Amino acid sequence: MHIIKTVLIRHGESQWNKDNRFTGWIDVDLSNQGYSEAKRAGQLLKKYKFIFDYGYTSVLKRTIHTLWVILDQLNQTWLPIQKVWQLNERHYGALQGLNKNEAIKTYGYDTIQKWRRSFKDIPPKNNKNDLFLGTNDIRYKNIETNTLPNGESLELTANRVIPYWQKYIEPKIYNNNCIIIVAHGNSIRAILKFLNQLDDSEIFNIEIPTGIPLIYEFDNNIKPIRYYYLSE
């Protein structure tokens, strides 16, 4: 049986990860630690001799810069890259910009955990004048305004991630291309839930670490055979 490998990576630690703030669609860069994580991920993929055909990121710089660093380590900076908003992090609505501990004080631990981890619960939405809306940006100028979120559940995130996966990424995998996708904790959780056919409760406790390659091995019909994190 022929095995096709796809690599999923959550971006390296961002500055707001470090500061313990809800980030969502806010375009913050990697921290120094995040750049180091991306470099290590690239070195690890080089050790296992990965050669990619296509790369995908969100339109947020923490994923773009992570992939740049990885490809530099692999000497594959020529790789065609698609940057798409559908792979963006979940939009955290009115939580964006808040320190997570302060949010817990305001809303309560159980409520915050439900908003963060459940499949269907949506955090409070923000309005078009909110400082941390994240969508009032030139990169989204060609997207219909009513398409852009102002607060999402994981389910709503999956509703944009999975159709893109099925339409654009799956055919590439089916044609035996090696793909690398650098995305976000929740966009990757959405893909993982879809590929592994997890029910809503099973996704609750799944956490995606920053900067560690997650390898999916598929058969010829794009059915997952196994998945694992790459290690030293």
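Cβ atoms are placed via backbone N, Cα and C, with glycine included.
Database features, via Swiss-Prot:
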BINDING   10-17, 23-24, Arg62, 89-92, Lys100, 116-117, 185-186  substrate binding site
ACT_SITE  His11  active site, tele-phosphohistidine intermediate
ACT_SITE  Glu89  active site, proton donor/acceptor
SITE      His184  site 'Transition state stabilizer'
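Annotated features taken from Swiss-Prot, shown on the structure.
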residue : record                                          : contacts (Cβ under 8 Å, 6+ apart)
Arg10   : substrate binding site                          : Val182, Ala183, His184, Gly185, Ile188, Ile208, Pro209, Thr210, Gly211, Ile212
His11   : active site, tele-phosphohistidine intermediate : Leu30, Gly34, Ala38, Arg62, Thr63, His65, Thr66, Val182, Ala183, His184, Thr210, Gly211
Glu13   : substrate binding site                          : Leu30, Ser31, Gln33, Gly34, Glu37, Thr210, Gly211
Trp16   : substrate binding site                          : Phe22, Thr23, Ile26, Val28
Gly24   : substrate binding site                          : Glu89, Arg90, His91, Tyr92, Gly93, Leu95, Gln96, Phe132, Gly134
Lys100  : substrate binding site                          : Asn20, Arg21, Phe22, Ile112
Tell me, how many other CB atoms lie within 10 A of the CB of Gly185 (substrate binding site), whichever protein chain they belong to?
19
Determine, from DSSP, whether Glu13 (substrate binding site) sits in helix, strand or coil.
coil
Protein Cβ atoms within 10 Å of the residue listed as 'active site, proton donor/acceptor', excluding its own
27
Recorded positions compared (Arg90, His184) - highest count of Cβ atoms within 10 Å
Arg90
Where His184 (site 'Transition state stabilizer') falls in three-state DSSP terms:
coil
